[in-house]
Structures are given as C-alpha cells and as structure tokens.
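Reviewing the structure listed below.
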Amino acid sequence: MNPNQKIITIGSICMVVGIISLMLQIGNIISIWVSHSIQTGNQHQAEPCNQSIITYENNTWVNQTYVNISNTNFLTEKAVASVTLAGNSSLCPISGWAVHSKDNGIRIGSKGDVFVIREPFISCSHLECRTFFLTQGALLNDKHSNGTVKDRSPHRTLMSCPVGEAPSPYNSRFESVAWSASACHDGTSWLTIGISGPDNGAVAVLKYNGIITDTIKSWRNNILRTQESECACVNGSCFTVMTDGPSNGQASYKIFKMEKGKVVKSVELNAPNYHYEECSCYPDAGEITCVCRDNWHGSNRPWVSFNQNLEYQIGYICSGVFGDNPRPNDGTGSCGPVSPNGAYGVKGFSFKYGNGVWIGRTKSTNSRSGFEMIWDPNGWTGTDSSFSVKQDIVAITDWSGYSGSFVQHPELTGLDCIRPCFWVELIRGRPKESTIWTSGSSISFCGVNSDTVGWSWPDDAELPFTIDK
C-alpha cells in the first residue's frame, strides 16, 4: 500500500468513527429528552416512596406528589374534591379486631434515621390515615436522644407520616410545636392542636391547613393538656377535650367546638370528684363519646358524651373489668371511681355499644406491659366482671404503653357505618430499660365483623443501642 492509500484509509476510518460517535451523542440527547418528558408529563403515574402533600385552595383539594427520581423532585398535581365527614353513622358492628399497621420504628432506628418519639396516635381523612407523634428533636442512636424521658420541653414538636411507616426526617411533615397535641380532619383540611410553653402558662395553638387560626390560653396555669389522640369531627365541626389543673386532684375540664380551626363554643364540665385526662374521643350517630384517664383516684375509666351543642353527660365505665393501669384484679365495678389502685394511670380507650363495651387495657395490672381487647356485653352499665370475648394483642412479657381510639369514616371505607379502630404505643428505653433515651413504636387494629386472631405483636427491638454502651 503506497503512502497515499494509507492516508486515504486512515482518513476513512476516522470519518466512520466520527459519524458513529455523532450518532451516539444524538441518541443520548434524544434518550434524555424522552426520559425527562415522561417524568414531567405523566400526571397520574404512581411511584414508590412518594410523599403526598395536601394543600387547600378555593375549597378544592390539591394532591401534590413529590416523586424522587435521580435526586430531583418533580411536582405532579391532581384535584380532589373536598367532602364533609358527617359522623352521623353508628359504629360498625364488630366481632373482633384485624391488625391494621405496625411501624417497627425502634428496630429500624437502630441503623436508620428515625425520630425519638412518644405519644403516637392515628387519624384518618377521607383520603388517607396518618400517624401523628411528638418528637423530642432528636434521632434514635444519637447523642441528642439523651434525657428524652422528659415529657415537656421546648424541643418537642408534633409531626406526622403515612400510617405504618417508621417516623423519619424523610417521610414526616411538621405540624406544630407541641408537648401535648391532637389532630383530626373534617373532610376539607387537617386541624392540629399543639400545646407548648411553660407549665404555668402554656398556650394551645390551633392550625387549619397548616395556618394558625386560633389559640387557647391555660386558664388554671397548671399544665394545660389535651388528648394525645385524634379529635372528633361531625358535620364540619371538630371537638376536643382539654384539662388544666392538678394531675392528682380536682382539675378543670373543658370541651371545645371548632370550625375551620376557630373555637366557636366551649363549656367547662361540672364534674366534682371526676378526673379527666388524655381523652380518647370518637363520633357515633352524630354525637361524641370520650373515654379518658383518671390519674387521681379511679382504676376504671371516666367518660363524657356530648352533642354538637355541647350538652353533655358524664360517668365512669361500670364494669368490673377494670381498664386503667395500675388497677386491682377484676371484681365488682362501680359507676363512680373505683378507688383501689386508683392513683396514677395510663391513656386508654373503650368503645360503647349500647350497654356493652369493648375495653382495651394492659395485661399487667401494675406495669405498662401486654395488651388485650375485652368485650363485656353489659359493662357500660353493669358492675360484674364477666365477659365473653378476649383478644390478645401484646404478650404480658412485652412492653406496651399509651393506647387510644381512632375511626375510619364511611367516606374513606365505603361502608355505611363508622369503623372503630385503636392504636397501642410500644414504649422502649428509660425508665425500665438501660438506655439513655425513651421512645416507642406503634401498632394499630380496626374492628371487623369477620375472622380475626389473637397473637402478640411486640416492638421486639434488641437493646441497648450503640449510643447506650
């Protein structure tokens, strides 16, 4: 091959390589453009690990979904009409409880970024159920988790995440600064109630759709506190119960009626010798029933029921199947406070069905361990200790904690009745275990009129963590 032929051959090869390279670059540009068009153009594509954020604009829901793709957030929107959660239906007839969620927050938090929390509770709109919780401004297995056994601090905040997920900075939404809280949905937007401030002058901040709409000042200057579970909404109005005063003596109790986040009416209960704290409230046939904690002198639970005009009735669950902790062994009940082992207590709940009652309680009579559901067909009004159903939820050898009620409205379930549900806090760490922190995970169950099973669904995290050693 002479020199001219070599030059022509080499030039031809270079030209072919250049053309191929140019075609590859053009193909790459087209591929990137098509991929970007698909990501930004598809308004209805479901992606895993989406975070849905609901905003309220001109009486129309806008469901904003931030889809994480290659560390870039692309915003998609679709309008969802608001409704009114009527709350006029009766509780659904049930025969037992089906497991609904379990977040395993402590187990996941040994290696992942999970908030140190307490007082978790669940509330549902007509679109979704969310877990609300009070953080300590710290993560598990981190130095700031030290000393988080304390109930009230300026670092505590109310946050929420999708039900069943471990609460982390990546899936959680800030709601309010609070060391005591409640939240509920009226069919249009979320109402949150967050109490913070000094013990002798705390203030409850009400937010509607994330915007401050009202405040409630402590009226007895003695640790204003509220439910630590969902408020209850009927026909566009939402209701909550607050306490102000001693935790071991006569205190003051008020019911508040709120509309679009503003207090429109309140009434103070005339309840001498009663003690109401941390009420678990639910709607039933257009009225509200709350079952609460007596931290003063009752090992059975006090209740208050009221209509939308705040006309109320009060009493104690009469059953000899006692619902508080600590408590005596089951025996003869009373429609007033049962005094033996009546001091102190734990947040709890019950569901009234006529003269009968579903009672949720710890299995242990003197520690926050184990959990069970008991059906006493005459327990709301009768004082004997007989019952017909017991369903195991957590074994007595495993820790439990607070528990509370929530409901699923027909607008969510498609049923013609209000489904009763409950959650159980599974407390881990101090003061019972050798850690520097106190936190918890949670489980939840909903009532069904079909097959169910009793078992134990414990937290089951292996302690201590690295930070504790």
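Each Cβ is built from the backbone N, Cα and C atoms, and glycine gets one as well.
Straight from Swiss-Prot, the features:
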- D151: active site, proton donor/acceptor (ACT_SITE)
- Y402: active site, nucleophile (ACT_SITE)
- R118, R152, E277, E278, R293, R368: substrate binding site (BINDING)
- C92-C417: disulfide bond (DISULFID)
- C124-C129: disulfide bond (DISULFID)
- C184-C231: disulfide bond (DISULFID)
- C233-C238: disulfide bond (DISULFID)
- C279-C292: disulfide bond (DISULFID)
- C281-C290: disulfide bond (DISULFID)
- C318-C335: disulfide bond (DISULFID)
- C421-C446: disulfide bond (DISULFID)
- 11-33: region 'Involved in apical transport and lipid raft association' (REGION)
- 28-469: topological domain 'Virion surface' (TOPO_DOM)
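Sequence features annotated in Swiss-Prot and their locations in the structure.
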residue	record	DSSP (3 states)
C92	disulfide bond	coil
D151	active site, proton donor/acceptor	coil
C233	disulfide bond	strand
E277	substrate binding site	strand
C290	disulfide bond	strand
R368	substrate binding site	coil
C417	disulfide bond	coil
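Considering other CB atoms within 10 Å as the measure, the emptiest surroundings among the disulfide-bonded residues C233, C318 are those of C318. Along the topological domain 'Virion surface' (28-469), the predicted structure has mean pLDDT 91.
Only C279, of the recorded positions C124, D151, C233, C279, C335, C421, have a C-alpha within 10 angstroms of the C-alpha of R293 (substrate binding site). Proximity note: of the listed recorded positions (R118, C129, C238), R118 have a CA within 10 Å of the CA of D151 (active site, proton donor/acceptor), given in sequence order. Neighbour counts were taken as the number of other C-beta atoms within 10 angstroms of each residue's C-beta; across the disulfide-bonded residues C292, C417, the minimum falls on C417.
The Cα of C279 (disulfide bond) lies closest to that of Y402, out of the recorded positions R118, R152, R368, Y402. Taking Cα separation as the measure, C129 (disulfide bond) is nearest to C421 of the recorded positions C92, C318, Y402, C421. Packing around C124 (disulfide bond) is summarised by its Cβ count: 23 other Cβ atoms lie within 10 angstroms of its Cβ, all protein chains included.
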